[in-house]
Ligand SMILES: NC(=O)C1=CN([C@@H]2O[C@H](COP(=O)(O)OP(=O)(O)OC[C@H]3O[C@@H](n4cnc5c(N)ncnc54)[C@H](OP(=O)(O)O)[C@@H]3O)[C@@H](O)[C@H]2O)C=CC1
Ligand SMILES: CC(=O)N[C@@H](CCC(=O)OP(=O)(O)O)C(=O)O
């Protein structure tokens with residue numbers, strides 16, 4: 001018998017990408033709400049009751065509203081920012097801690113990590129857990145993303161025939177240091193202060209590069225980039241979605257394109273730089289490990305299935 005899945009926000013960017021990952025799977029049946037009831041609270045709650053898992057692919061306020069009304073037995077995976085640092089919800093990053101998979105599997109309320117936050121946490125958590133950096137290390141992070149990260153509205157803005165010139169070049173935002181992912185970045189890594197964070201959106205559809213800058217002399221354990229690479233390989237050794245990469249400057253031509261993993265669900269980590277100044281870099285798809293791929297990975301765990309089922313990991 002197939003698991004019944006309801007996607008609230010099924011016509012949105014993240015909702016559609018979740019459905020794509022179910023193509024060819026006969027263990028999953030997607031429940032469809034009639035178009036005219038797509039925003040009807042009672043009809044949506046009925047669909048949630050019929051489901052084994054409900055995905056919320058909604059703006060934050062709509063997620064809060066429906067999750068606040070749903071009965072506790074309904075199993076919810078929320079892709080929005082609304083519940084990520086809420087103690088009643090489990091953070092949907094299986095790689096976060098040794099017991100995180102078990103917590104995800106047994107919970108009825110799982111919050112999928114933010115796209116920028118995913119890369120930052122994947123890069124910084126090992127530094128803190130392994131005692132390589134102190135919790136008060138002054139982290140700086142910049143993150144470049146494709147415009148699908150901004151959902152339907154931003155996709156329409158970038159696709160508009162009469163769009164302004166500003167859209168032609170990368171645009172930095174979050175300038176007052178108030179980005180909505182800062183809270184989860186701090187909470188999940190247990191660092192004292194959130195990073196100075198520079199998100200940048202650019203004129204390509206999807207894919208991300210998240211970079212954390214390190215000064216070796218400020219680390220507690222003064223490891224070189226080669227030593228850090230070995231530590232990261234050990235740390236993420238058993239993780240099917242995380243790949244710690246060797247980088248060849250000659251074959252790669254010295255570049256790291258942000259869109260290379262578009263349509264993939266894996267996350268690559270690079271550790272580059274020189275003796276003193278080191279870059280930790282995560283590359284993935286904002287719609288893959290940054291949203292829909294991560295959501296499906298969590299769903300698999302909640303249902304007791306192999307976590308990579310239906311994911312694109314090549
Ligand atoms: N895009 C990305 O890369 C990522 C997105 N997220 C998060 O995932 C969530 C969904 O984002 P995304 O898919 O990009 O957004 P979209 O704007 O593409 O889609 C949101 C969907 O929700 C629907 N919706 C809005 N309000 C309601 C409501 N009250 N009741 C029912 N449906 C409603 C919209 O309907 P309509 O079609 O009528 O507008 C739309 O289909 C957001 O919280 C976002 O921040 C997280 C990580 C990455
Ligand atoms: C390009 C762009 O605008 N991206 C969004 C991130 C989308 C996302 O991850 O939002 P959630 O917190 O809901 O997961 C932003 O930075 O606000």
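The backbone N, Cα and C atoms fix where each Cβ goes, and this holds for glycine too.
Look at TrEMBL and you will find 4-104 tagged as domain 'Semialdehyde dehydrogenase NAD-binding'.
Summarising the annotation, TrEMBL assigns active site to 115. For residue 115 (active site), the Cβ neighbour count at a 10 Å cut-off comes to 28, with all displayed protein chains included.
Using DSSP to sort the residues of the domain 'Semialdehyde dehydrogenase NAD-binding' (4-104) gives these counts of helix, strand and coil: 36 helix, 18 strand, 47 coil.
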